Amino acid sequence: MSNVTESSSYSPTIFSPTIQAYLYLIPNIIAIFTSIFVLYHLLFDRALRQALNNHIIIVILFTNFISDFTSTPWLIYYNFTGTSLVPNPIFSLVWVYIDYASYALQTMLFAWATIERHILVFHDQWLRTTTQRIFIHYLPTTIIFLYVTLYYLLLCFVRFCSNIYDYSQVYGLVDGHCELENVFFQRWCLIFDQTIPTMIIIISNIGLLERIFSAKRRAHQAINWRKQRRMIIQLLSLSVLFFVLNVPYLFVKLAYTFETFSNLGVEFSFYTEYFVYYIAFLLPLTRTIMVHPMIQTSPRRRI
């Protein structure tokens, strides 16, 4: 995802490496159990499993689940011990791959999910036939999944450059993966894999709320706040989550990558990179709104 805690052992922060480890450990455990709870309901409840809007959420949660069981515990171990779990070049590359690919995949898939919600709510007739569902529903998810997994696989494992290994550093690499630190690829990943999808998530969620309320006003219907509460809480919580945690991180990365500002401060940079991991921790919690038996939507149109 980033070389977020490459600086964790020396950044001017009140968090010692041990505190940093615990601030990841506890939320990560909660996220794992929450993901199991949500995935159980999504996979074994027939109505939820067949709902088109839940398919991409299942993929996102599985992606988070893999990251929660691999790269995050490896990062926690590094903060506790100051060394890589497995001092081996292959392990270092696998760690980089999972960290970067899971973050990009989560962000891009969720960006498409927010766009698809507009289709599901206002243009569900576009998904009536099998062919329409293949091209509008399944194909975009498949393209995003293949792009991210293959692109980062190529960057991480095909030798375009030589990495310098030091297992006392995050990922066991000095200054991160050499190819991912290349200016061109760094800017490409930052703009197309992170910044644009994040802006789509925020704007699309807020836009969906506005479209729904505008449609109700045009139809002269009173807004039933109790009925719409689940949807409002879910959409706003997701928008706030990405706005509060991802936007500052991306702002810092863009500023440093394009050399826009030079006085942002190492400490501020550290905090934005450190807490961006909380998106993965908190995302499963926002999905519990969808599967809680007291606040499920009707099977005809789930938002």
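Placed from the backbone N, Cα and C atoms, the Cβ positions cover glycine too.
Taken verbatim from TrEMBL:
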type	residues	note
DOMAIN	34-291	domain 'G-protein coupled receptors family 1 profile'
TRANSMEM	21-44	transmembrane segment
TRANSMEM	56-78	transmembrane segment
TRANSMEM	90-113	transmembrane segment
TRANSMEM	134-154	transmembrane segment
TRANSMEM	196-214	transmembrane segment
TRANSMEM	235-255	transmembrane segment
TRANSMEM	275-295	transmembrane segment
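Averaged over the domain 'G-protein coupled receptors family 1 profile' (34-291), the predicted model has a pLDDT of 86.
Same-chain neighbours of the transmembrane segment (134-154): 52, 55-56, 59, 97, 100-101, 104-105, 108-109, 112, 116, 119, 126-127, 193, counting only residues six or more beyond its ends whose CB sits under 8 Å from a CB of the stretch.
Sequence-distant neighbours of the transmembrane segment (21-44) (same chain, 6+ residues past either end, Cβ-Cβ under 8 Å): 15, 54, 57-58, 61-62, 64-65, 68-69, 72-73, 75-76, 79-80, 277-278, 280-285, 287-288, 290-291. Same-chain neighbours of the transmembrane segment (90-113): 1-2, 53, 56-57, 59-60, 63-64, 66-67, 70-71, 74-75, 84, 140-141, 144-145, 147-149, 152-153, 156-157, 163, 165, 167, 171-173, 176-177, 180, 189, 193-194, 196-198, 200-201, 204, 238, 246, 279-280, 283, counting only residues six or more beyond its ends whose CB sits under 8 Å from a CB of the stretch.
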